[in-house]
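Enquirer: Mind looking over this structure? Questions follow.
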Amino acid sequence: MAVGKIVISVASMLLVVGVAIGVVTFVNKGGGAGGDKTLNSHQKAVESLCASATDKGSCAKTLDPVKSDDPSKLIKAFMLATKDAVTKSTNFTASTEEGMGKNINATSKAVLDYCKRVLMYALEDLETIVEEMGEDLQQSGSKMDQLKQWLTGVFNYQTDCIDDIEESELRKVMGEGIAHSKILSSNAIDIFHALTTAMSQMNVKVDDMKKGNLGETPAPDRDLLEDLDQKGLPKWHSDKDRKLMAQAGRPGAPADEGIGEGGGGGGKIKPTHVVAKDGSGQFKTISEAVKACPEKNPGRCIIYIKAGVYKEQVTIPKKVNNVFMFGDGATQTIITFDRSVGLSPGTTTSLSGTVQVESEGFMAKWIGFQNTAGPLGHQAVAFRVNGDRAVIFNCRFDGYQDTLYVNNGRQFYRNIVVSGTVDFIFGKSATVIQNSLILCRKGSPGQTNHVTADGNEKGKAVKIGIVLHNCRIMADKELEADRLTVKSYLGRPWKPFATTAVIGTEIGDLIQPTGWNEWQGEKFHLTATYVEFNNRGPGANTAARVPWAKMAKSAAEVERFTVANWLTPANWIQEANVPVQLGL
């Protein structure tokens, strides 16, 4: 017999969700020595929402003053409380800087200024979350995944602040000062994760929440492809964006030119801004072109950077969204700088980046990004992305330690080259790198190479982790002769729940037989998630792998790391000349 639609309210559905995750207890109302232990409706609602929170006590305390049992109102109240806590953390940071007065050194001032900036980013995202939620979660519907993504960013911005502080006393002071807002942000993620997970387990999609429908049988694979059109392209990318990425080959290049597949393509795109060192464009520097881009742009700011070496540090502010840069080739258009923690006073890891993308919707093609500080510069980032939905094709990233900082949001890289030594692909984002060349370099004497260092501090409630899919991991020409004596590893855990998957990748013999390494002085490897599947090459032999890494036996075990799942809701581009592989 066919199952009919069951129409319910959001409040009822959340109650059912509470039952599904085992948090609503029906108490016997009968009398007895124990008296009436029945919880009132408000307490039940709070208990239900807070059951999955990392800090249940803090969660309940936050919601106790809210005199309502409406889950929508409770969740919105929780978001407002989180916003208030982040505001206090921002004010605390400013007062800490003021309290240090003239005694503050350049590095402390730089890191506190950065803290203030990223905490403001967190506030802006919380404001967006509250606005998008509306008065009722029914208005959120299919935005639930996006709301959770923004919440992940709010949490990450606060960890960014602490991560950049190297001075121990200041790190302790700031850690304690923003602890409350970080806890509330963490709890908020847990609440959203519990709701979306429980609904998924009950075959309730987020769109059903919007429609008020429970119990419909979903279409096949809807959870993977619900945000793709009939051609397999992401709905969030406009027709103009798709054409831009298809057309943005190196101007005049043959169609087969490139680092790998999907090379040139004619360069028919019409830029809004042109940068040229010889004065033949509107601007001589990239930074000038970025400043000319509008804020909160519903369209695209398209910057064509002509061939040349541009020695400058470029920052794309958070409000300058939807920037698309393309050049004349990854070895022809090069953006380079040499700022580093080791050699540049007043510099932190986050501030060392040659190019720093703070905004959403960034796209790049046919550009080389370099940090030339060298191994003695220690942390020296070539490219850092903080914004959500970054799409990078046919680019090259060269550095030593911390080359590619995939710091926040959802990021997709295809057909790139990235080189480095220590933790040279690292961050706290959901990142997939496909069909790319990864090169370990020769660093300082005795230095060990680590390809990845993921910074997942939150666990499985968030999608934070690095996926290397169908790549090649090799030694560069300077390391080639010493590749068997210089130790190189696939990665090490930067944070307690570090997550990294290497799938369908050719691994050279430079990688140690153990595959993965521990973070010195920490036990993060005991809670980290490291997965390998269907790899090839001499370095892919898993016989001597560390016991805490998982060697997947079937595709089902790594399905969650596909583009369609890891970067949900499938927010990436599939183009004819540079295709996106949604599955394995």
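Any Cβ shown, glycine's included, is placed from N, Cα and C.
From Swiss-Prot, for reference:
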SIGNAL    1-22  signal peptide
CARBOHYD  N91  N-linked glycosylation site
CARBOHYD  N105  N-linked glycosylation site
REGION    246-267  region 'Disordered'
BINDING   T349, Q379, R492, W494  substrate binding site
SITE      Q401  site 'Transition state stabilizer'
ACT_SITE  D402  active site, proton donor
Enquirer: Could you state the CA-to-CA distance between T349 (substrate binding site) and D402 (active site, proton donor) to the nearest Å?
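Expert: Roughly 8 Å, rounded to the nearest whole number.
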Enquirer: Where the record says T349, Q379, R492, W494 bind substrate, what is the longest distance in Å from one Cα to another among those residues?
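Expert: Farthest Cα pair among residues binding substrate: 18 Å.
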Enquirer: Output, ordered by sequence, the same-chain residues six or more apart from Q401 (site 'Transition state stabilizer') with a CB under 8 Å from its CB, or 'none'.
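Expert: Set apart from Q401 (site 'Transition state stabilizer') by at least 6 residues yet with Cβ under 8 Å, we have P375, G377, H378, Q379, A380, G420, T421, V422, D423, F424, G443.
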Enquirer: Fewest other Cβ atoms within 10 Å: which of the recorded positions N91, T349, Q379 wins that one? Let me know.
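Expert: Per-residue Cβ counts within 10 Å for the recorded positions N91, T349, Q379 bottom out at N91.
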Enquirer: What is the separation, in Å, between the Cα atoms of D402 (active site, proton donor) and N105 (N-linked glycosylation site)?
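Expert: With distance taken Cα to Cα, N105 (N-linked glycosylation site) is 24 Å from D402 (active site, proton donor).
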Enquirer: Just to verify a number: CA distance, W494 (substrate binding site) to N91 (N-linked glycosylation site), in angstrom, no decimals.
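Expert: Computed Cα spacing between W494 (substrate binding site) and N91 (N-linked glycosylation site) is 29 Å.
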Enquirer: Take the C-alpha atoms of N105 (N-linked glycosylation site) and N91 (N-linked glycosylation site) and report the distance between them in angstrom, rounded.
Expert: 20
Enquirer: Near R492 (substrate binding site), how many other Cβ atoms are within 10 Å of its Cβ?
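Expert: Result for R492 (substrate binding site): 26 other Cβ atoms within 10 Å.
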Enquirer: What is the interatomic distance between the Cα atoms of R492 (substrate binding site) and N91 (N-linked glycosylation site), given in whole Å?
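Expert: With the alpha carbons as reference points, the distance is 35 Å.
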